[in-house]
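J.: Input: one structure, supplied below.
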């Protein structure tokens, strides 16, 4: 019974352990986003189309009472495809459901880094994946019990998801040698690739099996990855049961004294008065605004404004994330090369790459307003905008590792806490502008706000940001030695 599992473990142990860990970081991010973003497409098949608010809708079966399911309706003389029960959730209701995940995410992301630094990241990530799989499988049942049950399910899923990224940053600080840290941070782009996989997948599942299977199948995949996570990953090289001693020694020696072996309390007062950290916080908020806006709104925009089918909208809406994934590795390679050749110092790299990660994406969103109503041109511009944002692996996604390796999880938890507010603000904003109708005239305001959210934080970071280890990284030393910085 255990033969195949034993052979699998022996096979992966032939590969350097830190490489296996980086692959699992990628997979954890992929699964996290798979369970996060599937609702953006699924909800289009779970509700009555937007035309029902403008035209008389005639239900075929059940009464049209808010929250009740409607298996099939007719609008005019055309039938709505039967992908499963449909619920009479208004545009505002849908924005609350889409934003519910981020309310839960907000609750846990702030303490998640502290928990990871105190108790280790392995269990936090593993349990998050396992219970997230369970909640995703229960989503159709929640929907049958009404809008508020669905919201509660999504909030709980968000709470579990909020623990993930701070815990992953904690693991990176323990597993990644300095020369390989860019590659480890690029593994966090697994989330972006998760969007690439999920939207086309659920679009096809909805049109072939119905929307309930667009929850069941991602849940099953998540459960499998959770099992693999516990087999492959440990909190640190020192606690991994199968790592080779020479690899363990290499990682620990390369990290030196930038990562303390003792458990330190985060320097909250220092963070609150640190311009480099505060500018990073603003930069990360701008990045997540652009990212979460497209996660929650792109399928709606491509389906309702550009007129694509659900399957095609899911595929086209995933293209920007594929571009972001590929660009992340490209920009990461260029940034690591610049650092290795000493062409630019770390601070200069972080600031200059903001041009690609934030300013150019913002300019593309502005261009989208004036480009005209050509569906494929719009898709191309959105793809370029998010593609250039892949350079965030060299800016806000890596900067917490620069400022304080000892508290990388805590720093990322804090900036993610603030940045996640954009995840439930942007759906409300979209609903506000599109409540009457969903056309390019309404969406231009949404794109203009998104452009400002990209560009303004980048300018703030260029002025106040830093790529140097801060003196409060090692609190014991700052109490006895002032002005000393680890390099």
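Yeah, the Cβs are placed from backbone N, Cα and C, and that goes for glycine too.
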J.: If TrEMBL is the reference, give me the range from 155-172, 245-262, 335-352 marked as transmembrane segment.
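T.: When 155-172, 245-262, 335-352 are checked in TrEMBL, transmembrane segment belongs to 155-172.
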J.: Match it up for me: which of 212-234, 373-395 does TrEMBL list as transmembrane segment?
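T.: When 212-234, 373-395 are checked in TrEMBL, transmembrane segment belongs to 212-234.
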J.: Are the transmembrane segment (277-298) and the transmembrane segment (409-433) close enough that 3 or more Cβ pairs fall under 8 Å, when only pairs 6 or more apart in sequence count?
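T.: Contact criterion met.
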J.: Please work out which recorded stretch in 155-172, 212-234, 277-298, 310-332 has the most C-beta pairs separated by under 8 angstroms from the transmembrane segment (184-206)?
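T.: When the Cβ pairs under 8 Å are tallied, 310-332 comes out ahead.
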J.: For the domain 'Major facilitator superfamily (MFS) profile' (24-469), what's the model's average pLDDT?
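T.: Summing pLDDT over the domain 'Major facilitator superfamily (MFS) profile' (24-469) and dividing by its length gives 84.
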